Amino acid sequence: MPPGKVLQPVLKMKVDELFLYWLSEASTQRMLQDCLRRIKAPGRDQPTPGDGEQPGAWPTAPLAAPRPSGLEPPGTPGPGPALPLGAASSPRNAPHVRGTRRSAGTRVVQTRKEEPLPPATSQSIPTFYFPRGRPQDSVNVDAVISKIESTFARFPHERATMDDMGLVAKACGCPLYWKGPLFYGAGGERTGSVSVHKFVAMWRKILQNCHDDAAKFVHLLMSPGCNYLVQEDFVPFLQDVVNTHPGLSFLKEASEFHSRYITTVIQRIFYAVNRSWSGRITCAELRRSSFLQNVALLEEEADINQLTEFFSYEHFYVIYCKFWELDTDHDLLIDADDLARHNDHALSTKMIDRIFSGAVTRGRKVQKEGKISYADFVWFLISEEDKKTPTSIEYWFRCMDLDGDGALSMFELEYFYEEQCRRLDSMAIEALPFQDCLCQMLDLVKPRTEGKITLQDLKRCKLANVFFDTFFNIEKYLDHEQKEQISLLRDGDSGGPELSDWEKYAAEEYDILVAEETAGEPWEDGFEAELSPVEQKLSALRSPLAQRPFFEAPSPLGAVDLYEYACGDEDLEPL
């Protein structure tokens, strides 16, 4: 048996064993004999039509009939759909004459007919599954439609352009930045405006079929025939945010950055919302996330950088600059050698190989060309700098799970730790023996099953970042070793609205990038002038990074190259 394999029972043999156990029971034998007797002589055991039953019909058993003792595995075939389980003690087993047996059988049938049938269970269970939200009786559709018609009456020819959709969104009771989805959902991109009749018909249908914000948002953006959102569906919505949000007004002078920002936000949306890794965001996933709450905050928060979960420009700038530093040939792709230079070669080569193996990337380009795109890099950088979130834990678990069996064996842990030991030796640092390291990690994670660590074990562990860094990030591993265990536990147990590891990293890196950009600009009077936040961003956009177009300028509909970040990869099955 190969090392690292865990013995598991053969399912068919176990089922056969349970079936033979059930078949050998005395009650089962009596029941089968009675069934065989019924088959051989059907006329003797069946009631006549005059007895109130159909010819050939078996007497109906009460639902509360006791089951025979003994182990019966789930799915074991029963004697028949209406055969009483207590038939083994039936008078038919005694050597009575034919007339007596028919009389006894008739009495049993009549007695059972007199017993009232229990009410259907399904009638007492209320509806609990609402894929498009729970219907609300308080919604007055006609009143909403009347308000919308009054709003359209203020526009020329009762047609609304994109600039008018803010008022329409408010009339619909939606947040301001739903105006883009509302406009495109009503077909406004084809003619440049939306008529009142077409919009009312569209919104009335949504109110009748979609009963919460998640279902409405998905319905507005999804492609025809779908009930989910893919990455391209978010482009028109985000293009409107870039065009109209006051916190992104400085981007009007650098339109080539629109598609870069949109690509980053789309990847962050799928990173946080698409928990199934399917590449498709459903109503249920959107409902469980905080994305729609952040969309509503776009109207209230003028500083886009305060919305750190999805829309922060500072976070985009950090991610993009880190990618540009690695992409030395500026072909919009980075290979394994480029990625190895991240953070001064902190990652092990074995882990880099796993990233490029397709374990955490979509699309076939990685396997064919050995390169990853900017969209893949967004996932990598966020996962690398914050290993405490559910998505990042899944990201690195997939990389470490070499055989894809859903558990990390001791062999897989040793496979990654060997390179860590070699790198420590090259730095003249004594490495901890693997057995000692393994004991520490098992005490840290406390797996429920001995001999393997599952994804759920790591999600329960508050120090998953320490676990992962121990096996493939030499710099962070040494940093953890220098900290006291009490300090690590304090960091893991800290509650409240404290910044996440990613937010801390992005804030620090952005300050460094702005300082470097400011220090590189000469001033005639010899003194450094204090730049406003807007001037800092404009200065950054004028940097050498902006001299070479990273994307083509977006079309009027905001089309953007998503680096073929397709969702059809068979390797990314939901965990």
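Cβ atoms here come from the backbone N, Cα and C positions, even for glycine.
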> According to Swiss-Prot, Asp401, Asp403, Asp405 bind Ca(2+); which of Glu412, Glu414 is also listed for that site?
Replying inline: Glu412
> What does DSSP call Glu412 (Ca(2+) binding site) in the simple three-state scheme?
Replying inline: helix
>> Restricting to the chain of Asp401 (Ca(2+) binding site) and a gap of 6 or more, list residues whose Cβ falls under 8 Å of its Cβ, or answer none.
In response: Ala359, Ala407, Leu408, Glu412
